[in-house]
Amino acid sequence: MEESKTLKSENHEPKKNVICEESKAVQVIGNQTLKARNDKSVKEIENSSPNRNSSKKNKQNDICIEKTEVKSCKVNAANLPGPKDLGLVLRDQSHCKAKKFPNSPVKAEKATISQAKSEKATSLQAKAEKSPKSPNSVKAEKASSYQMKSEKVPSSPAEAEKGPSLLLKDMRQKTELQQIGKKIPSSFTSVDKVNIEAVGGEKCALQNSPRSQKQQTCTDNTGDSDDSASGIEDVSDDLSKMKNDESNKENSSEMDYLENATVIDESALTPEQRLGLKQAEERLERDHIFRLEKRSPEYTNCRYLCKLCLIHIENIQGAHKHIKEKRHKKNILEKQEESELRSLPPPSPAHLAALSVAVIELAKEHGITDDDLRVRQEIVEEMSKVITTFLPECSLRLYGSSLTRFALKSSDVNIDIKFPPKMNHPDLLIKVLGILKKNVLYVDVESDFHAKVPVVVCRDRKSGLLCRVSAGNDMACLTTDLLTALGKIEPVFIPLVLAFRYWAKLCYIDSQTDGGIPSYCFALMVMFFLQQRKPPLLPCLLGSWIEGFDPKRMDDFQLKGIVEEKFVKWECNSSSATEKNSIAEENKAKADQPKDDTKKTETDNQSNAMKEKHGKSPLALETPNRVSLGQLWLELLKFYTLDFALEEYVICVRIQDILTRENKNWPKRRIAIEDPFSVKRNVARSLNSQLVYEYVVERFRAAYRYFACPQTKGGNKSTVDFKKREKGKISNKKPVKSNNMATNGCILLGETTEKINAEREQPVQCDEMDCTSQRCIIDNNNLLVNELDFADHGQDSSSLSTSKSSEIEPKLDKKQDDLAPSETCLKKELSQCNCIDLSKSPDPDKSTGTDCRSNLETESSHQSVCTDTSATSCNCKATEDASDLNDDDNLPTQELYYVFDKFILTSGKPPTIVCSICKKDGHSKNDCPEDFRKIDLKPLPPMTNRFREILDLVCKRCFDELSPPCSEQHNREQILIGLEKFIQKEYDEKARLCLFGSSKNGFGFRDSDLDICMTLEGHENAEKLNCKEIIENLAKILKRHPGLRNILPITTAKVPIVKFEHRRSGLEGDISLYNTLAQHNTRMLATYAAIDPRVQYLGYTMKVFAKRCDIGDASRGSLSSYAYILMVLYFLQQRKPPVIPVLQEIFDGKQIPQRMVDGWNAFFFDKTEELKKRLPSLGKNTESLGELWLGLLRFYTEEFDFKEYVISIRQKKLLTTFEKQWTSKCIAIEDPFDLNHNLGAGVSRKMTNFIMKAFINGRKLFGTPFYPLIGREAEYFFDSRVLTDGELAPNDRCCRVCGKIGHYMKDCPKRKSLLFRLKKKDSEEEKEGNEEEKDSRDVLDPRDLHDTRDFRDPRDLRCFICGDAGHVRRECPEVKLARQRNSSVAAAQLVRNLVNAQQVAGSAQQQGDQSIRTRQSSECSESPSYSPQPQPFPQNSSQSAAITQPSSQPGSQPKLGPPQQGAQPPHQVQMPLYNFPQSPPAQYSPMHNMGLLPMHPLQIPAPSWPIHGPVIHSAPGSAPSNIGLNDPSIIFAQPAARPVAIPNTSHDGHWPRTVAPNSLVNSGAVGNSEPGFRGLTPPIPWEHAPRPHFPLVPASWPYGLHQNFMHQGNARFQPNKPFYTQDRCATRRCRERCPHPPRGNVSE
């Protein structure tokens, strides 16, 4: 709590100040909004409940508004946390600021009295623990506490009515508070002061109840037992310290006031208002909303509390709004259903006998017989003969349900192959697949290598059974042996598992592929139930009888197999990792509670002693307990329906203690089952959908409701009535009050509670004849009381436990112990009637249903129903329901009938199916719409000659325009030489640098990164070098280089590198150490490119395709350009006939030559001149570029199966993903040298679907003949909106700061560097005395990045909407799209035209305002090399880039020198068009020297490359749209330096050769040339001279292009050659001949 700012004087009234401050500090529920509750505290409350349903309710209350970290235990009694949770609460609250109030004698006196009461309670508690109390003393204490409680006057009539029930609630709270008091350290002061009065003011009324005594002696999760003596001493010490603390007194006084404050002052209300208030509150109580007894210290304005949803509510209007919420309605229905299930009466002997008969008949009908088992064994023997003929070293064995006898008649036959270690698992199964396919004994032979356990599936021709053949599945075989041994030892095990499996099959929850549970998990669930019930039928496999066994280190004990069919063998191997984990857990426990040093020493000695231990544990109990099969079946359903919290605990059959999810580090979601031999993974993880889990829980409830109620052959009348009553309750929407929620409206007084509690402690005396029926009624009464506890107090009963391990034990112990006498009597009765004699006949199949029903008919008629005054005093509706059901139990036995019917058990609801691919419900993985392999591809029309020529030219144009010229290659070599000399001089003279990657492999773009590898002479590899230190030292040296900037060492990567940027060229590069394998990779790619020119053409086309679709950046979750080049090479190798050979398969001899590099064989055939001699058929493929490009798209969309095969260029034979063990990856691309490197490993399924969608759309676009407008072909074919359906590439895995994958936003290096600069700026401002905004920069929030753009490098800004660098989200063109579309920009454009027209002659070519061209969705390339900062180039260079400079004011002269960052908008990053300028061949004006005019006075028409951006057809009078050079794909507007004298080619019809210069917009795309439309840039006057006319020179592209896009200067440029300028008539004539509008226009 924050300190009050209004408490300036001690004369202020405390009450008014408290309420004022609390109303300011606390957020409460109002009439309009309900605020979310803290998830962490809700989960802590869930941990304190062993009941699955109650924990589920808590999870549904995650939207609660209260802050439970500092919740008052006395006010919010519905969710009182356990001691561990309270410790967390106290720790959180101890950091809050205490609110100070003026000291007063009254408050001091109250604090002293409170502390005295606390000391008195402590002494009484110590005495109570030292000496047991007699029943009389217990009753006396209960009476005194009841009298003390009754002295308090209720604040309202409603409170007076619910006083007795609230009494029990408060007594239970105080009992828990006394127990919690032992564990509260003295450092926690915030809540101790709140609860001390509650602990010490009154005695515990239920301290000696059996449940309380068990809780006091149980063990918590950390393994520390509650020592009573030490606990008393700790509490007394803490209380003595609190007595001297003034802050404790003040806070205690504050809490005293708040607790004594009245929630609603009824004295100020009129009688009519009080009556209306009472009626309204009675209506709210029906929906479990009650008025708070005392004012909440945290929610002072809240008057009501919903005990069902645990939400504080401000007033009645807010309560009515909360009642209408779906969450509240759902919780009410679940509460009602749970209460009704708990109120069901116990079964009668006839009922249990009928259940036994139903289970036995099911086992006989659907279970396998000895003959079926023999048939399955013969199948295994026959298959063993077939396989061992080809693989003699292998052997086959039967495992699974066929061997355990848990199989149904239609179950599969599981066969496992044992093979020697020298054999490979994938190769073995592939061979077995081929063997079985060739054999006539088996049909429908298929492979399922992508399953959790890879298998070969076939069907035996003779028997028709389905066989699943696996290999090396040793763990499953061990589990099978265990279950088989248990089935032989315990006769009820097999029929129970069969009934459970058949029930799961009927409900369709055993299908693992559709999101269900594996079938053998149900056997483990039955085994777990038989271990946990009281008394147990099966022992646990590990326990305290093993010397040195610790449940915390249970993973050190490993089960090794079954010995003599009676024991399980175990070994203890204490691993270092386990020891570290246990030490960490012990340290964590130490922080909560101090441990004794002697105990730690003993534990260490035990851990050392249990190393390398082994032994065996029995599988059967010494004295087996016999229970009827029907009773076990009903208890099994009840156990998993009501008793066991599935979402909280782990089903573990190894130990007796309940294992929590925290012990296994498994998430608290759905069902967790541990395999006893494979303990690391959850075998029920296939149930990964909450919808399926809720469906499973619903089926459990439906099954328990059906089998717990008496059923007849003609239909269950009682069940029908029961459902009718349930529907009536729901339709009336009048749920019972929370106080009376126990058994549908039972009001239980405190006297009745005392009587029943006393009767629980007394042994039950009964005769042999009427023992069963009498005990049933007593159990029913106890059940009523238990249900009252759960319903009346919400979560009180579940929160009274002191540890997770003790939460479930009292419930199981109490209920199962009460059933023990009835089990004995029932066994004798059943033995007399010869129904099921489990002690004599181990085979339950020998009894028949007819004998059971006929013999038990007489016994059921002699039952006597005994009554109990404590039960009959509860005159409630639940008792009437129970009596109705008891009347139905007295039906003749022959009328009781149970059947496993699908409609009954599923309630007619279809199963919930969840796809394992997309994780969506409603379909299976075979019908998943997101599976691109399921898309029906329409056949493509035949290709025409004209369309083929267009595709050829488009592919060639990709290479011509994007491949780096020779001059750029030369400049890259010069940069490398300069760096090498500098490093040799400054760092190490033995350093050698070499280029690799895109600079040398023949597939590099212009402005591609510089990939440099550094080696040191005298070292063949980096084994003896400290690579991290070398990289860091190299980064320090490179920072001294004047020509480099942005030096960044990255030492945490797989290959440590140093990143840098070359100032002059703007190229980015990285230096790696001994990346020699990549050099060989580069050489091989260059060799492939030199074999056939079509390889390079297709490689460049593929890279352009990937860039346009935004699927070519591995750092953002897609594939790298290197991976796409490998895809091109693989296609050309697999083409028939092939275009290129497999270089790694061409060698002399039978063995591949060895050229080992970094542990891998880097051999490939590199003698290209000898290829034609070795492979005469190499040049047989004569397909054109267009045909090959379309064939590539069709190959990867129609033929290649990404799921089954790997893209591998090292072999011609198909390589399967199963052979590489890459079945879990969506795309598998093998590195040709590093065979363990999958280039598609980082691609998610969502990104795979996006990539395949682009390929499918590309197949349709490039395969459908269409003739776009002249010069618009590239724009048509590479339209990203068409290729990606207008969608953005998935970026859910990308960092929001830098747009990369592999780290979270908090760990982003961009953010860290920005934070460092911010702190540095703050320190400078502090030194200068500027402290204005210093505090706002201490913590950086990504949402405030735009606030710091004035002093940041624009390259550090990155928009996570479009992914572009240089701006943030607020300034993104995508965000401004809607406003730009709706706003009228004609006037603003007109002003710009006027300003641009007034430019002085000789001024620089200015860059206009921001273009209104909208950024496309896929134009979000993250390559920083596409947007380098503009740099001034020396004037001795051969060319000069036409760098546009923004002008701050119209008509102002631009500044000379490099451009300033502040002069341009943050989202526009300027970029030079050409990196390496050359000297002009002719004279030029002095303006050229200042960088204000292009180098050549002559504007040369260049070929059009309008691949980027949409085309805007401007209306008459509209202004031009200027190009933004920050666009990453501006490279498409940079023509390469190519000869300009290529003769023009003509196609079908007349193709124009000229285009008006002013008819181009944006990236060179052709637009309309209407009156008033101006070009991209204002005309440049040539020294006030008239514009000359030149003869037209043939262009390098048969279509015209704006002269401003021509490459300025060329190595083969002829300066004296005249040129003609182009007019607008050509474009008009072209548009008249081609009336159809072009593709890709965004505006008309």
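Each residue, glycine too, has its Cβ placed from N, Cα and C.
Candidates SER104, SER131, SER296 were compared with Swiss-Prot; the annotation phosphoserine appears at SER104. Of the candidates SER156, SER209, SER841, SER1423, Swiss-Prot records phosphoserine for SER156; the remaining residues carry no such annotation there, which does not rule it out for them.
Summary of the Zn(2+) site environment: with the site residues CYS306, CYS309, HIS322, HIS328 set aside, the chain residues having Cβ atoms within 8 Å of the Cβ mean position are ASP287, HIS288, ILE289, LEU308, ILE311, ILE313, ALA319, ILE323, GLU325, ARG327, ASN331.
Long-range Cβ contacts of the zinc finger (913-930) within its own chain (Cβ-Cβ under 8 Å, at least 6 residues beyond either end) map to 513-515, 686, 688-689, 691-692, 1245, 1249.
Using DSSP to sort the residues of the domain 'PAP-associated 2' (1184-1237) gives these counts of helix, strand and coil: 19 helix, 7 strand, 28 coil. Here HIS328 (Zn(2+) binding site) is compared against the binding-site residues SER998, LYS1000, ASN1081, SER1121, ILE1125, and the shortest C-alpha distance is to SER1121. Note: the CA-CA distance between SER1121 (UTP binding site) and HIS322 (Zn(2+) binding site) rounds to 56 Å. Here the candidates are the binding-site residues SER998, LEU1010, ALA1123, and by Cα distance the one nearest HIS322 (Zn(2+) binding site) turns out to be ALA1123.
Comparing CYS306 (Zn(2+) binding site) with SER998 (UTP binding site), their Cα atoms are 66 Å apart once rounded.
Fewest other C-beta atoms within 10 angstroms, among the binding-site residues HIS322, HIS328, LYS1000, are seen around LYS1000. For the recorded site, LYS1000 (UTP binding site), the DSSP three-state label reads coil. A separation of roughly 67 Å, to the nearest angstrom, links the Cα atoms of LYS1000 (UTP binding site) and CYS309 (Zn(2+) binding site).
In this structure, of the binding-site residues CYS306, CYS309, ALA1123, ILE1125, the smallest number of CB atoms within 10 A of the CB marks ALA1123.
Around SER1008 (UTP binding site), taking its Cβ as the centre, 23 other Cβ atoms fall within 10 Å, counting all chains. For SER998 (UTP binding site), applying a Cβ distance below 8 Å and a minimum sequence separation of six or more within one chain yields GLY1004, PHE1005, SER1008, ASP1009, ASP1011, SER1121.
When the alpha carbons of ILE1125 (UTP binding site) and CYS309 (Zn(2+) binding site) are compared, the span between them is 58 angstrom.
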